[in-house]
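S.K.: Here you go, one structure.
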Amino acid sequence: MQTTQSSCPGSPPDTEDGWEPILCRGEINFGGSGKKRGKFVKVPSSVAPSVLFELLLTEWHLPAPNLVVSLVGEERPLAMKSWLRDVLRKGLVKAAQSTGAWILTSALHVGLARHVGQAVRDHSLASTSTKIRVVAIGMASLDRILHRQLLDGVHQKEDTPIHYPADEGNIQGPLCPLDSNLSHFILVESGALGSGNDGLTELQLSLEKHISQQRTGYGGTSCIQIPVLCLLVNGDPNTLERISRAVEQAAPWLILAGSGGIADVLAALVSQPHLLVPQVAEKQFREKFPSECFSWEAIVHWTELLQNIAAHPHLLTVYDFEQEGSEDLDTVILKALVKACKSHSQEAQDYLDELKLAVAWDRVDIAKSEIFNGDVEWKSCDLEEVMTDALVSNKPDFVRLFVDSGADMAEFLTYGRLQQLYHSVSPKSLLFELLQRKHEEGRLTLAGLGAQQARELPIGLPAFSLHEVSRVLKDFLHDACRGFYQDGRRMEERGPPKRPAGQKWLPDLSRKSEDPWRDLFLWAVLQNRYEMATYFWAMGREGVAAALAACKIIKEMSHLEKEAEVARTMREAKYEQLALDLFSECYGNSEDRAFALLVRRNHSWSRTTCLHLATEADAKAFFAHDGVQAFLTKIWWGDMATGTPILRLLGAFTCPALIYTNLISFSEDAPQRMDLEDLQEPDSLDMEKSFLCSRGGQLEKLTEAPRAPGDLGPQAAFLLTRWRKFWGAPVTVFLGNVVMYFAFLFLFTYVLLVDFRPPPQGPSGSEVTLYFWVFTLVLEEIRQGFFTDEDTHLVKKFTLYVEDNWNKCDMVAIFLFIVGVTCRMVPSVFEAGRTVLAIDFMVFTLRLIHIFAIHKQLGPKIIIVERMMKDVFFFLFFLSVWLVAYGVTTQALLHPHDGRLEWIFRRVLYRPYLQIFGQIPLDEIDEARVNCSLHPLLLESSASCPNLYANWLVILLLVTFLLVTNVLLMNLLIAMFSYTFQVVQGNADMFWKFQRYHLIVEYHGRPALAPPFILLSHLSLVLKQVFRKEAQHKRQHLERDLPDPLDQKIITWETVQKENFLSTMEKRRRDSEGEVLRKTAHRVDLIAKYIGGLREQEKRIKCLESQANYCMLLLSSMTDTLAPGGTYSSSQNCGCRSQPASARDREYLESGLPPSDT
């Protein structure tokens, strides 16, 4: 049995704990089979509420409340209606669970509190989490508790819990047992006020007032005052005193109409203050309490209390669950709190706490209808705190609402606030782990600078800065996030000073973000918040690039978190689909602008193009789009007409003079040069088209000054232009490399088979030519590896070069060629050189497979072969297990005494492998066919005689081995190959288009001439670099900088297309079946509310009719009295009509109904 700490009023007054001198506390064990236990504290009615609240939080370790619901109702046995029982058992407990609320109720097992205790018990039994629990605190006066003597003796047994008998149904007069379903009890002792109930009420009011002045950080980074709501269910007339005093303390009340008792009295009279007279109140009390007899003095006193309560209509919310039961109780509670905060000032600050509460409860519908209904003018600065809460707690609907209501993200998002958002990352998330890793790396770097700096490092939880965020993004996006979250002044300087080791160039945290929507989008993507990220994507610019960047981030994070790889892959597909759909919208509107969108450098993503981002993200579906393929086809053919027959190209190869004939069709010449003033204002469609359709060097030629007339004649310009157009097209470069590579393989074959002479006769002339040819291949590989991108470090260039599998193949082929040539020059290892070169020829020949990628049918087969090789690699693990198991066993059975290593290797690995294909050595297994020798001289070169002792076991193992390998494992391999083929072949078109892009990009960047003539192209590149001439005209086909006016025009056009796409998506969502059903249900709710309003209007109209009828009756009586000749008649009828008239008058005053005419 668990012990407890108890203290009583005998302790010294200077105890450290604030409540020690005045509080007695302990534990209660309730009898019965449930083994329930609760904590209690005995307090005087004069105890400070702060001490009691501190005890609840500090000693009892209750979670700080986000809401306090004080339940007020009947403390006598009562019959509970079914709907009211559901409201208490389901609605109240659900609201407390979802909002983290405390329920203050009576501690006695009687009346309303009994049903609340049963609801708490049912929830505790059904809940599977210890973190989600309902906190119900029972408060009662000690004078009303049954078996009080057990509690009075708590100070005598400090270390043992009190055993309370399980007689919950035993009610002896005013005494009632404690409710065993509750876990915490506050028992109030009678004080100087005399009555225990008066002391209890005083303590309840003071505790509620104190809690309402405390603050909590629920739902975000800000603090709000803890809202306290009193819920009135049923109740007796004495409850009016508590309600009146509570509303004077500005405590909001929710009154459940239809629950009976004083709640129905308030529901009937509080909305009609003109009827709050003693006669009408007496009528209501008699109807609601028919078995009670009240004095006129009590009725008058209660009427005064009703008038005081009705004077605070903004604190009273009447709700009838029978007629308006479509809303949950937490919704009604939030509406009551919002209503209580409304004032005549209409200042936004008066609604902030309720708005924060709506954010914490995720009730955007209430925020729209009750707070953002047009009555309050919200400024952007008013919404900054709640915007932070909505972002941290992942409430995209609220973020959208705040932006629509006037929040300015450009003013809101400073670098300091962005850093604060990254500080709020969940410690269990992958992003937190990555940021912590980068933070630790930075601490180690700083610690290595010196002991003094190491002592200055912060201690405690890591406070991530934007430097760590930029490093994480750098790992995911590489060059696409270059310069993110760094000092802008440093980035703008030309040739900045070298940064000291460990020093961070961070932006000023008070500066506003340069692109707030992009930064918030990245923050949401890194936390895998798709809905939030989608909204930021919709609000930002450069949508295609942003979606592809998110696709890349999700792909990288899925590799780091294998458990959530499937979910992240689905998110990745969604982002890729966003980019694909938006580009489809753009391509359908304008092809030229869509092509420019693919190759323009995006300023928000470090001047990276959409094609580069798609390549990094491995977005195969994006490359398979018709618009992207049309652009690639345009790049592939260059300035030649698409669809030119290959034979004509080969004819131009053999006879270059055919280039200047009409054999091959070329595009029209570039437009005439224009003035710089015209280029700065590309407003006309013709000017824009000339920009978008211009290619590479032509764009620069548009801006060049006119040449001197004698520089080049028109004929020479025509010849030079045609020559460049033909030899500069990627298709020509590809065909040239294919033809020359076949020539290289033919020369290699000739040298190996015919003209490969040993020294000193060799090498021959053809072999020297082969050496020179390979030398030009080496130069081209060096150019591809180290001279492709000037803005990248050499190490990274080499890393990117090695990542390509075909480049690895080239490196192996060149390495083997160098080794083979070196060996063949030495006579002693000439044959070894021949062997290496023969193997190298096989590697060079396999390099031809790369050429097939351009073919639509053969291209996907390359991927199939590559994936099948991976399948074979894993299959070999299974096969090797059986090979080794069977080989070692048979070797031990047949040749136990043969220790020759070469023979052991043959029999353990080689022979079982051959047996898979049917080569079974019967001469070793069958005794009649054994052919061996036992002579020691012959044993060295021949097989040893097998041991036939376990011949039957060897045969059995052979049968088992063949069954498993030939039937089971081979069929497994075939099934794996079949699955791989189906997966790739099912998406063959997408895989081929993705391969086609890589091939086009590769040959687009290659020099025009093929090896060995490529040496001329390399010399030309070197000369252009020496004389500082632009040697990268072709790069502008895939990466282009547009003039600022045209660039802004493209950005605006893309934004418009994104809005069109989003409107189309929204229309599809509205037309979906689920949305139609939701709208129908919403309309039904509106109709129900409207009908409920009609009922209220009907009641008011009846009331007005009754008043009008009564006025007409009085006027008629006055007319009859004052009319001539009516005195006698009136006096004659005075005795018989005066009393009935008075009765009718009182009946009207009580019920509001007109008197009968009969």
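Glycine residues also receive a Cβ, built from the backbone N, Cα and C atoms like all the rest.
The Ca(2+) 1 binding site annotation in Swiss-Prot covers C341, D350, D353, E354, and the record cites similarity to another entry as its basis. What Swiss-Prot lists as Ca(2+) 2 binding site is E781, Q784, N807, D810, E1002, and the listing cites similarity to another entry. Sequence annotations record features per position, and here Swiss-Prot assigns intramembrane segment to 903-938. Summarising the annotation, Swiss-Prot assigns region 'Disordered' to 488-507, 1127-1158. According to Swiss-Prot, the feature topological domain 'Cytoplasmic' maps to 1-729, 785-805, 855-863, 986-1158, an assignment based on a curator's inference. Annotation source Swiss-Prot lists topological domain 'Extracellular' at 755-764, 825-831, 894-902, 939-950.
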S.K.: Sorry to bug you, but what's the C-alpha spacing from D810 (Ca(2+) 2 binding site) to D350 (Ca(2+) 1 binding site), rounded to the closest Å?
M.R.: 72
S.K.: Could you round the CA separation between C341 (Ca(2+) 1 binding site) and E1002 (Ca(2+) 2 binding site) to a whole angstrom and send it over?
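M.R.: Just about 67 Å between their Cα atoms.
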S.K.: Are there residues at least 6 beyond the ends of the topological domain 'Extracellular' (755-764) whose Cβ is under 8 Å from a Cβ of it, and what are they?
M.R.: 771, 824-827, 830, 834, 837
S.K.: Other than its close neighbours in sequence, what residues sit by the topological domain 'Cytoplasmic' (855-863), given a CB gap under 8 Å and a spacing of at least six beyond its ends?
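M.R.: Distal contacts: 849, 984-985, 988-989, 991-992, 995-996.
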S.K.: Using the centroid of the Cβ atoms of C341, D350, D353, E354 as reference, list every other same-chain residue with Cβ within 8 Å of it (recorded Ca(2+) 1 site), in sequence order.
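M.R.: Close Cβ neighbours, site residues excluded: L337, V338, A340, Y351, L352, L355.
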S.K.: Determine how many residues of the topological domain 'Extracellular' (825-831) DSSP places in helix, in strand and in coil.
M.R.: 5 helix, 0 strand, 2 coil
S.K.: In whole Å, note down how far the CA of D353 (Ca(2+) 1 binding site) lies from the CA of D810 (Ca(2+) 2 binding site).
M.R.: 68
S.K.: Measure the Cβ-based neighbour count of C341 (Ca(2+) 1 binding site), defined as the other Cβ atoms within 10 Å of its Cβ.
M.R.: 20
S.K.: For the recorded Ca(2+) 2 site, whose residues are E781, Q784, N807, D810, E1002, find every other residue on that chain with a C-beta no more than 8 angstroms from the centre of their C-beta atoms, and list them by sequence position.
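M.R.: For the Ca(2+) 2 site, the extra neighbours are E780, G785, Y801, D804, W806.
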S.K.: Same-chain residues six or more away whose CB lies under 8 A from the CB of N807 (Ca(2+) 2 binding site)?
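M.R.: In sequence order, E781, Q784, G785, Y801 meet the Cβ cut-off.
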S.K.: What whole-number Å value do you get for the CA-CA distance of D353 (Ca(2+) 1 binding site) and E1002 (Ca(2+) 2 binding site)?
M.R.: 60
S.K.: May I ask which residues of the same chain, at least 6 positions away in sequence, place their Cβ under 8 angstroms from the Cβ of E1002 (Ca(2+) 2 binding site)?
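M.R.: Once residues fewer than 6 apart are set aside, E1002 (Ca(2+) 2 binding site) is near nothing.
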S.K.: Could you count the residues of the topological domain 'Cytoplasmic' (785-805) that DSSP puts in helix, in strand and in coil?
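M.R.: Here the numbers are 13 helix, 0 strand, 8 coil.
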S.K.: Using a 10 angstroms cut-off on Cβ to Cβ distances, just flag whichever of D353, E781, D810 is the loneliest among these binding-site residues.
M.R.: E781
S.K.: Could you count the residues of the topological domain 'Extracellular' (894-902) that DSSP puts in helix, in strand and in coil?
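M.R.: Tallying H, G and I as helix, E and B as strand, the rest coil: 3 helix, 0 strand, 6 coil.
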S.K.: I'd like the number of other C-beta atoms within 10 A of the C-beta of Q784 (Ca(2+) 2 binding site), please.
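M.R.: Taking all protein chains shown, Q784 (Ca(2+) 2 binding site) has 18 Cβ neighbours within 10 Å.
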S.K.: DSSP on the topological domain 'Extracellular' (755-764): how many residues come out helix, how many strand, how many coil?
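M.R.: Counts, helix then strand then coil: 0 helix, 0 strand, 10 coil.
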